[in-house]
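J.: Quick one: structure below, then a few questions.
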Amino acid sequence: MFFHTRTPLYVVNHGETGPIRCNRCKAYMCPYMQFIDGGRRYQCGFCNCVSEVPVFYFQHLDHMGRRVDFYERPELSLGSYEFAATLDYCKNNKLPNPPAYIFMIDVSYNNIKSGLVKLICDELKTLLEKLPREEGAESSAIKVGFVTYNKVLHFYNVKSALAQPQMMVVSDTAEMFVPLLDGFLVNYQDSRAVIYNLLDQIPDMFADTNESETVFAPVIQAGVEAFKAAECNGKLFIFHSSMPTAEAPGKLKNRDDKKLVNTEKEKTLFQPQKGVYEQLSKDCVAQGCCVDLFLFPSQYMDMATMADVPSHTGGSVYKYNNFQVETDGEHFLRDLRKDVQKSIGFDAIMRVRTSTGFRATDFFGAIHMNNTTDIEMAAVDCDKAVTVEFKHDDTLSEETGALIQCALLYTTISGQRRLRIHNLSLHCSSQLSELYTRCETDSLINFFAKSAYRAILNQPLKNVREILVNQTAHMLACYRKNCASPSAASQLILPDAMKVFPVYMNSLMKTAPLVGSTELSTDDRAHQRLSVMAMGVEDTQLLLYPRLIPLHTLDVNSEALPAPVRCSEERLTDSGMFLLENGHSMFLWLGQAIPPDLIQSIFNLPSLAHLQGHMPALPELDNPLSKKVRSIINGLLDKRPNSMKLQIVRQRDKPEMLFRQFLVEDKGLHGSASYMDFLCYVHREIRQLLT
């Protein structure tokens, strides 16, 4: 993960000269450079080329051949650090301006009627005080702008000198332009009073609207144009409710067709519509414009196409089906607050260099690739990760190991250009058994999830599922044949480090994108496919194997959480209370024989039967158990990148079906295998491969 460091990294600044780099392969100065010739030259660990040490950087070597300033220089002694970048690393050789955030609100009939527009405007009044800022800075350097839209776009002049905001309308959506330069993107602190007025007025201005049609592509286009005019990068926060059907570029039509499920053509449901949106992604990346999308659909909206731009610009897509302020308002606001406040960098480009013998061949993430080596990201934040596949194409040395350097050039939230460098050295071994003992199962699963989710764009689901099973069987058969001590063929033997591999693999095959069922919503499947593409290892682990916590065994006086139990119905007890979460969904499951005093403590109700309807959150009651359970839930909500809506489920109630599909060791709702069945099936495959 590139933006997720616990403490700020050291910033190395070499002034005008900029970072020191290998003459041949352009790798950056790092612990793998070997100083020779009394410290006057250095040999690159990646390509072995010898380069002169610049005069200002010269330092004597000690009796071990190490520079005497080794520990004072982060770039010689640490795995991760940053370089201040010079003008050569900036677009058009100009230092960047600080980024901007534009809030673009769909004010069509549905969003006004549901109370969403008012909710957003009220929240922004306090949220804009908390825009991200550099360590030690008093206020944020990020500029802000506001647009509302339905079939036409309304831009607002919120210049600090104005008493009232001014609205300018652009109704020609085919030729998108920004009607004002001065006063559109402003410093929040300077224009606070005008912005306050605007946020108060927006819900009233459109209170009587009956316009239900919207445009979408022109909204993104407007954002890109605004950043172009201001010569800055930034992020668009778009709040949108329905498929864009108004006459304009990027107009969409309903192409959801359940008859395609389980056929050769099912892949088209996941493919974005070609044309306008493809070009928009490129324009966004070129301008360093990231798009974050908050969707509030009540029916199909072609998620595969609408989420295409966010998924190539380092953006996120949040989706709230059949949104209601009472039950979903807080859940949405938690997402919005995190999204606005999180650490982020803009206009990023990343390159992965390796020592000889292997090379980076494939990249998965919310990224754009113009060529085969440069990973371009309009923005990169602390919750996004890029998964890289390496191919081993020549001999590797067991002495020196395999070296990797990942360099990320980006613009900070205050407009500084920086290079973030991560160095990694891996052991090489000619022993297969060593490979299996050191196997990183978590990373493997992340990689398989992303490659399977990419593959379904081009092949039938059936093939993709078969490939996953075959690869699992092959990996385990290879271990059995070459590494395991001889034993009866009837035994299934798994390497220690891969004991849980089949559990996760089976769980992956049960996820919505890989299950061909007409009961699943096409938009939900497309949404999950795109979310996973940008996830880090920790997040895919949790998504594929939820945590199931027995809350009825809680000790209210202890800090410790009860140990999670395995995700299977066998582990539930009629008198128990379990919390299940996977980073995206959260359930509180209540057994039908749960003691009434538990219900009283948590819900302030005499019995389970009195529990009615939806509860967006647990009531705040003044007793130790209630406080403890709420603090556990809030702790999880703080920790996870996404908000989760708490769903309360009673044993044997209809909504329990939804909860059951998260018990990943059991049979799936849509005919998918239980963990034990899958294990037997894989075992059969392994035996066939070995005979």
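Note: Cβ is positioned from N, Cα and C throughout, glycine not excepted.
So TrEMBL says this about it:
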- 19-57: domain 'Zinc finger Sec23/Sec24-type' (DOMAIN)
- 96-340: domain 'Sec23/Sec24 trunk' (DOMAIN)
- 345-428: domain 'Sec23/Sec24 beta-sandwich' (DOMAIN)
- 441-540: domain 'Sec23/Sec24 helical' (DOMAIN)
- 561-633: domain 'Gelsolin-like' (DOMAIN)
J.: Checking distant contacts: for the domain 'Zinc finger Sec23/Sec24-type' (19-57), what same-chain residues at least six beyond its ends satisfy Cβ-Cβ under 8 A?
T.: 12, 65-67, 75-79, 83, 85, 353-356, 400, 403, 405, 407, 419, 421, 423, 425
J.: Which whole-number mean pLDDT does the model give the domain 'Zinc finger Sec23/Sec24-type' (19-57)?
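T.: Mean per-residue confidence for the domain 'Zinc finger Sec23/Sec24-type' (19-57): 96 out of 100.
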J.: Taking DSSP states H, G and I as helix and E and B as strand, how many residues of the domain 'Sec23/Sec24 helical' (441-540) are helix, strand and coil?
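T.: Helix, strand, coil within the domain 'Sec23/Sec24 helical' (441-540): 68 helix, 0 strand, 32 coil.
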